[in-house]
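Copied over from Swiss-Prot, here are the features:
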ACT_SITE  Pro2  active site, schiff-base intermediate with DNA
ACT_SITE  Glu3  active site, proton donor
ACT_SITE  Lys58  active site, proton donor
ACT_SITE  Arg261  active site, proton donor
BINDING   Arg110, Arg152  DNA binding site
ZN_FING   237-271  zinc finger
Amino acid sequence: MPELPEVETTLRGIAPHVTGRRVTAVTARAAKLRLPIPPELGERLTGRVIERVERRAKYLLLRCGDGTAIIHLGMTGTLRVAPAGSPPGKYDHLDLVLDDGRTLRFRDPRKFGLVLWTGSDPLAHPLLAQLGPEPFPPLFNGSYLFSRSRKRNAAIKLLLMDNRIVVGVGNIYANEALFRARIHPERAAGSLSEEDCATLATAVGDVLRDAIAEGDTTLHEFIATEVPSGYFRINPAVYGQTGKPCTVCGTPIARIRLGNRSTWFCPVCQK
């Protein structure tokens, strides 16, 4: 599933090619993804200029004057700018043809993504309104995490993955951030000190920024005719490293199930 760094890189990859471009035609080849594609989408978008592209959590927002297309990539979705005349593939469900002849193309083999339209503030849309802050300062920091974790017995890893607390911290990045902060994933969130929270908030931001920086090396792929694999080459310290030696102390990395998700940690370094 594309996580926040992949979505941010998608934004950076397509924005230079679509910003300021007018949509001249819309072709929807599927009536429904995770939710139905609005039947009026073509009418709403055709003739409008994409003024800017934004990201909120894992949603991409195509701002078009007084309306916005809201896009979520789901589990397997990608957005690419296809050359003029490039034929669609089997899983290419939506095309926005631009005034330079190229096409902003949404591909989604498993059809768990979504494309919606709103004529009001997209941040007030029910899908976005209850989301927590982005996982970076100034809104997400140690003080914020400390205040939101008080009197909570939930495991800190589960708190990090709660989009109402903070957005964009998927399983990979939660595991890696907790390792960097030396905090056990099962530890009760309410037991963290202010110093713990400050360290963890910094680790979350650092892990995600590192992944985004890796993604910046793939920006050329967003105008390729072939769809790349889409996931960045990361070198995780704990994620997926069951039994391998900890990079700090050499202890074998342990794996448990937490909240129905695989969780990895160092039994010695993380307390």
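Backbone N, Cα and C atoms are what each Cβ position is placed from, and that goes for glycine too.
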Within-chain partners of the zinc finger (237-271) [C-beta distance under 8 Å, separation at least 6 from its ends]: 155, 157-158, 161, 171-172, 175-176, 178-180, 182-187
Glu3 (active site, proton donor) as reference: those recorded positions from Lys58, Arg110, Arg152, Arg261 with C-alpha within 10 Å of it: Lys58
Given the recorded positions Pro2, Lys58, Arg110, find the one whose Cα is closest in space to the Cα of Arg261 (active site, proton donor). Pro2
Can you tell which of the recorded positions Pro2, Arg110, Arg152 lies nearest to Lys58 (active site, proton donor) in space, using Cα positions? Pro2
Calculate the distance in Å between the alpha carbons (Cα) of Arg152 (DNA binding site) and the residue listed as 'active site, schiff-base intermediate with DNA', and round it to a whole number. 29
DSSP-assigned states of the zinc finger (237-271) in counts, ordered helix, strand, coil: 0 helix, 12 strand, 23 coil
Counting every protein chain shown, other Cβ atoms within 10 Å of the Cβ of Glu3 (active site, proton donor) number 19
Assigned conformation of Arg110 (DNA binding site) - DSSP reduced to three states: coil
Here the Cα-Cα span from Pro2 (active site, schiff-base intermediate with DNA) to Arg110 (DNA binding site), rounded to a whole number of angstrom, reaches 13
Cβ neighbour count (within 10 Å, all chains shown) around Arg152 (DNA binding site): 17
